[in-house]
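> Following this message is one structure expressed as structure tokens.
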Amino acid sequence: MEGEPAATPAKIQKGPAGLAQRDGGRYFQEMQESFKNNNKSREFPAHTAKVHSVAWSCDGRRLASGSFDKTASVFVLEKDRLVKENNYRGHSDSVDQLCWHPTNPDLFVTASGDKTIRIWDVRTTKCIATVNTKGENINICWSPDGQTIAVGNKDDVVTFIDAKTHRSKAEEQFKFEVNEISWNNDNDMFFLTNGNGCINILSYPELKPIQSINAHPSNCICIKFDPTGKYFATGSADALVSLWDVEELVCVRCFSRLDWPVRTLSFSHDGKMLASASEDHFIDIAEVETGEKLWEVQCDSPTFTVAWHPKRPLLAYACDDKEGKYDNNREAGTVKLFGLPNDS
């Protein structure tokens, strides 16, 4: 499982996927053309310290960011720029990850080291719920049906919280290092990446172990499902991104252009592009069906988080940037947007 299984790539040629291969050439050219004219990145001041997490609302109107400065920020996307709408205060420690409600564009949730998660409503700009948890929270995700929020902490406990009552429904203590967590798009399986390089799959809501896949030879860090439900991708400390078939649970292909541990992944809205980033000073944009490099976004420093817009080829990201050339200790705390017109 560590490389590319010899038998799987042949599978891709069959049926509709074979069409994707032929059609792929056209898509590849179209997107390269598009990025030739739209490869500008702009940065927008967001925080007073480094940005850990960026995420788009389901309608793509807003971008939220969470930071080491203990706050979350929300921007409104206007044409080719992000306009700061609000700053959300309340956490007493770093905001490590955040995510939006899957279908309600007004609600998002933040996970913090202060042992709480907070649900926010952009219409009232207030925190509508604070839920106390047992440990320092590092990972959070919202179920596709919007009913449950799962949060993982530094002690490898995952807590499932009812999004309406804000009460804990279930809690699981794992015997391994839990990294990123995610439901599948059908909401009937729950996935965890772990420190031993495995992907653990549980049934949902029963939370019974279904399978453990040896995905990587080292720490498996992040996981993302594509919007079409066909694939999921994992990123690892071995600097590889692997692409998995959701139905067959086999590795379809590996992307190996990064040299450092893969920290963050995002599929484009059509599921045809995959952005991955690390301490390398670029973000790799791959075509999913061929694995080819479609584009790379140059960065001056390591990238913590990437997120494709849910409707357009716009990529939000945040790096470990420092303020100015002379003061190397101050963190810039900016959010960046790639895919803007060159003349904007």
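Placed from the backbone N, Cα and C atoms, the Cβ positions cover glycine too.
What TrEMBL says about a protein is an automatic prediction, not a curated fact.
TrEMBL lists 1-21 with the feature region 'Disordered'. Marked as repeat 'WD' by TrEMBL: 44-85, 88-130, 213-247.
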> Apart from its near flanks, which chain residues at least 6 from the ends of the repeat 'WD' (213-247) lie with a Cβ under 8 angstroms of it?
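Contacts of the repeat 'WD' (213-247) (Cβ under 8 Å, skipping residues fewer than 6 from its ends): 1-2, 8, 177, 179-186, 191-199, 201, 253-256, 258-267, 269-271, 274, 276, 278, 284, 286, 288, 291, 310.
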> So what's the average pLDDT for the repeat 'WD' (213-247)?
97
> When DSSP states are grouped into helix, strand and coil, how many residues of the repeat 'WD' (213-247) land in each?
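Helix (H, G, I), strand (E, B), coil: 0 helix, 19 strand, 16 coil.
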> Mind checking how the repeat 'WD' (44-85) divides into helix, strand and coil residues in DSSP?
0 helix, 26 strand, 16 coil
